[in-house]
Amino acid sequence: MKAAIIYTSITGNTEALAEEIYQGMISKGIEVDFIPVDDLDYDMLPSYDVIAIGTYTWDNGDLPMEMEDLFTAFEEMDMKHVTTGVFGTGDSFYPYYCGAVNLFRDMLFVHTNLAVTLKVELTPQVSDSKRCEKFCDRLMGQLVTA
Amino acid sequence: MVQPDQPLTKIKLLNPTYPNKSTGLINGKSSGLLNWNDIAYPQMYDLYQTLLSNFWKAQEINMQDDIKQWDYLTEIEKDVFLRINTQLASLDSLQTPTMSHVMDYVTDSSFKAIFAVISQQEAVHNESYSYILSSLVPLREQNERFDQAKDDPIVRKRNQLILDSYDAFREKPTPQRLFELAINSINLEGIYFYAGFAFFYHLARQQKMLKTSTMISYIQRDEMQHAYFISQFIRILLTENPELNTEENIQFVYTTIDKAVQNEKEWANYILKDIDGIDLEEFHGYVEYLANKRLRQIGLDNYYEERENPMAWIHVFSDEMLNETKSDFFEQKSRTYTKVSSSNGFDEL
């Protein structure tokens, strides 16, 4: 099985969350590629069984600019066989809390086998590690039963 | 190596022999010329753009609805409304000159530019409080209300925490005092506004004084970007100047933010005590939740009990509420994804 975490981060919050998810997946014995989106080789995308996408939200609930190509790639390539999860960090004082997670969610639901989404307020807190674990379980669990 | 207590020198406007891209936030070598394409922290350009895209002005908001509603507010609501208005105005009055003052000592031109924009926005906020007042009460009463804010012992005590730090930097602008000023700026913009915000959004929940709360929402949106910028400023300042990144200074952050938290609770107890529908205990929890967020933004740990947002209705209005349209990636191409949720067979955590 091949898994990847593809993420972008500006303050380090989403990166911290990505690392926690990475550790969670590793501890389940899964081999995971940990890829900042700027280093992504897009041709590799369809070769993964599982992809977790991590994104912060910019401005008014928008996608960060560097995630737009990834978003388009999922729409244009055949990714139906890939199990996906999307996670992100945001600030609930804004009207579209983790808006970019929602945008990915709605698209991934159509173009992939979406298993799970996860939103965290700013830097992950202690109570978030349980949710990270669930996120990993759900991402992997889906595959076992499939 | 930076001496935390060695005064920073006021920077010359131009230093032609130095590079445009500054070698440091403070005490750096910088020509003084700004080319946004060649800056030390490129993410600052995005932040600058976001600040500018938030641009608004008070005069664009028609106060007619609020003028009509004003007469239907209770005497208590009117009193609290005016007190909070002048108290917030006095906070913004401190922030406008302080943000421009800091510019003289920060060597990175991109940061200077952002401080200039923040200072401008604080001036707009200040004006918006005047604009609201001028719509509702005569000048004589406005002045009485400002005098009331100046004389109020609780307001004075709150402001003193900030003033002491800002004045200390004015007197002797050292790196240490710049760091302390930045922490107090987080207190001012990131904590001290929220009892006031709670009151105006509470009125908005009852469909009262919505034009005022529209302005408050714009102000909150700006203040959130300011607090975010200052938190980035602090992180970069401490990273570039490890002499400032000490145990004592980390403790200073916790202690100082806790002072602001206690002041904000005290202020809320005083100003919101007669307002039905705002639970003061809940608000205390809210202030702690808020302070935890500010600490995590600076890269520190939660200081208070970890909790969910207890007053989620205190937030910036959405575009739909403000009748604005989005122009972004999703408008350019016609993407029409249906909103899905966990009922569609995946988990939302």
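A Cβ is built for glycine as well, from the same backbone N, Cα and C atoms used for every other residue.
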Fe cation 2 site partner of B:E122, B:E223, B:H226 (as recorded in TrEMBL), chosen from B:E144, B:E189, B:E248, B:E264: B:E189
Per TrEMBL, member of B:D92, B:D164, B:D167 binding Fe cation 1 alongside B:E122, B:H125: B:D92
DSSP-derived structure type at B:E189 (Fe cation 2 binding site), helix or strand or else coil: helix
Candidates B:D92, B:E122, B:H125, B:Y129 (recorded positions) - the one closest to B:H226 (Fe cation 2 binding site) by CA: B:E122
B:H125 (Fe cation 1 binding site) to B:E189 (Fe cation 2 binding site) - Cα separation in whole Å: 12
Count of other CB atoms lying within 10 Å of the CB belonging to B:E189 (Fe cation 2 binding site): 25
